[in-house]
Amino acid sequence: MEAIFALAVGIMAGAGIYLILRPRTFQVIIGLSLLAYAVNLFIFAMGRLRHGAPPVIDPRLGSDPALYTDPLPQALVLTAIVIGFATTALFLVVLLASRGLNGTDHVDGREPEDE
Amino acid sequence: MSDWLQHLPILPILVPMLTGTLLLLSSDSRHAPRIALSLLAVLFQLTVALALLAQADGQLASTWPTSIGVYALGGWAAPFGIVLVVDRLAAAMLLLTATLGLAALVYSIARWEKAGVHYLPLFQFLLMGLNGTFLTGDLFNLFVFFEVMLAASYGLALHGSGGPRVRAGLHYVAVNLLASLFFLIAAALIYGVTGTLNLAELPQRVAALNLGDRQLFDVAAAILGVVFLVKAGAWPLNFWLPAAYGNTVPPVGAIFAILTKVGVYALLRIGVLLQESGVAPAPFGGTWLFYCGLITMAIGTLGVLAAQKLDRLAAFLVVVSSGTLLTAFGFTGTLLTGPAIYYLISSVLGSGAFFMLVEMAERNRQQGADLLAISFEAFGMEKRHDSEHPDEMVGVAIPAAMAFLGLSFVSCVLLLTGLPPFSGFVGKFALLGASLASLPHAPLLHVGLFIAGLLLSGLAGLIALSRLGIRVFWDMQRQSPHLQWLEAGPVAALLVVCLWLALLPEAAMAYCAAASQSLYDIGAYIHSVVPQPPPPEIPQ
């Protein structure tokens, strides 16, 4: 499980970074989203990967902490998802405004001269 | 009464949040009540910040056992709940935010508030984010407040819209989103390794780590440091800054003057906590930070000299002040921190005033006048008014607005380049004195480079500002701009505050020294936040 998880995080982060370095705004926003997914999974993994362990106290299981997974990274990841979603949506608006005002989807607001 | 005082630390976050929400809900047509509400909220924040400052300094009776106030959100004690921590440095930053916020808000009422939608609520949310960043004692909470602040700042950076502003805003948003993702990686990694996000609990947990975990922690701390350096505008992470700051509307530029200092503050706060508890990873201090700051200063100075427009020049001045602060914190020893805090306050107030002043000075000038003037100068195509019509120039009455602008401009120049009689001089003088005083411990090379950097950046600022100032103010073809009291007042008030800081420096300097002292006394900080030793780690 760890290897697949690590690969998933790594591939998404790599693809995200590649896209962020591309010159078109749409590529940048997709790159940012992919990187955000990778980061969210990474935060989740920081609570250690456990299978079938609940994050909240279950009366039937008792109060032994070893039976539970760490709830904090899950709370963190929820916050991070919400914030990431909101800021990405905001970036999308800026992207559209830039496209409308500058007439191009290049990140610098104008086409490079050699093209 | 004491019950009420106990809840003081949460107010700088709650008040702007509630005000911002109310402003969002009220319709735009109720113009006067909205402005009154915003002003009242900022005035209230100023009062609270003053009260907190007095409490932290021990001048006002408080319920805090030490000079550090801890407010447990939700009533949970520190290692489990999230806390807000007020010490002298945090209180000073709160006061600085409220002062600058008030000035920028009053200025924007005159005209800029109407240049787009939702200016007033965004402004309150920005203040909420700023206050929260200075108050929080928890790493993830720091991230959340950073995001609140940044989300509001994205909106404000684009206020007024227009091609260049959106283009610069796009870069600003992209860079900061990326930095936020790095912040998350660092925070998650730190939690994964140490099992805590509480800043006060962090040092002892780090000290107990084994070698492998320690290396992971160092990686996390390095990523965190890079994030703060991005926010602080340190070279080579600051290419977005001049365009983004230079293209905002003036009151937003003014309040943005404090945004870079948030990065500096976080770097200082967390850096000191880590440094005093063992080896701090590279971006948090030492030679590395020193040279990083020095290069930032140099790049900022070159930018100041190369800038052809006043607003861009103002943005580069912000870079220079960030560089100066980073260099001072990277210096060997702790002597420079007190003066650096004083310099921070003075430079934030000065840059804020300057951003607002620039727009007033540029009013009624034709587009691209600076560019033309500088090309004329470079190619020796100077027009000679004076030799052709000498008589017309004699006895022209100076309009009051121009006199005010000229005087404020000269004051700002003196303030930002560090010449007497303004607080910039006191700040730089204290920094120079402290760097010389730390000579036996600090390498001679560092002291020399620091002094050279500080003096040269001041000189370059003076040259560039005089050159552009001559172009802007000794322009024959322009009419005198119309100023409103609402616009002139805040600039004058900020300058008076700086003058007061310079003429009666003892109180402010003593406070800054005490703030630096209590910052480095991390034993007291940890003890106030986490009174009892944390429970033993649960085996996994």
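Backbone N, Cα and C define each Cβ position, glycine as well.
Taken from TrEMBL as is:
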type	residues	note
DOMAIN	B:137-438	domain 'NADH:quinone oxidoreductase/Mrp antiporter transmembrane'
TRANSMEM	B:6-25	transmembrane segment
TRANSMEM	B:37-56	transmembrane segment
TRANSMEM	B:68-86	transmembrane segment
TRANSMEM	B:93-110	transmembrane segment
TRANSMEM	B:170-193	transmembrane segment
TRANSMEM	B:219-241	transmembrane segment
TRANSMEM	B:248-268	transmembrane segment
TRANSMEM	B:288-306	transmembrane segment
TRANSMEM	B:313-334	transmembrane segment
TRANSMEM	B:393-416	transmembrane segment
TRANSMEM	B:444-465	transmembrane segment
TRANSMEM	B:485-503	transmembrane segment
Long-range environment of the transmembrane segment (B:37-56) - Cβ separation under 8 angstroms, sequence gap at least 6: 5, 8-9, 11-12, 15-16, 19, 22-23, 62, 64, 67-69, 86-88, 90-92, 94-95, 97-99, 101-102, 105-106, 109, 120, 123-124, 127, 131
Long-range environment of the transmembrane segment (B:68-86) - Cβ separation under 8 angstroms, sequence gap at least 6: 6-10, 13, 52, 55-56, 62, 94, 135-138, 141, 196, 198-201, 518, 524-525, 528-531, 534-535
Listed stretch, out of B:6-25, B:170-193, B:288-306, B:313-334, that has the most CB pairs under 8 angstroms to the transmembrane segment (B:444-465): B:288-306
For the transmembrane segment (B:288-306), sequence-distant contacts whose Cβ falls under 8 Å of one of its Cβ atoms, 6 or more beyond its ends: 229, 233-235, 238, 242, 267, 282, 312-313, 316-331, 446, 449-450, 453-454, 456-457, 460-461, 463-464
Residue numbers, six or more beyond the limits of the transmembrane segment (B:170-193), whose CB comes under 8 Å of its CB atoms: 139-140, 143, 146-147, 150, 154, 157, 202, 209, 213, 216-217, 219-221, 223-224, 226-227, 230-231, 240, 243-244
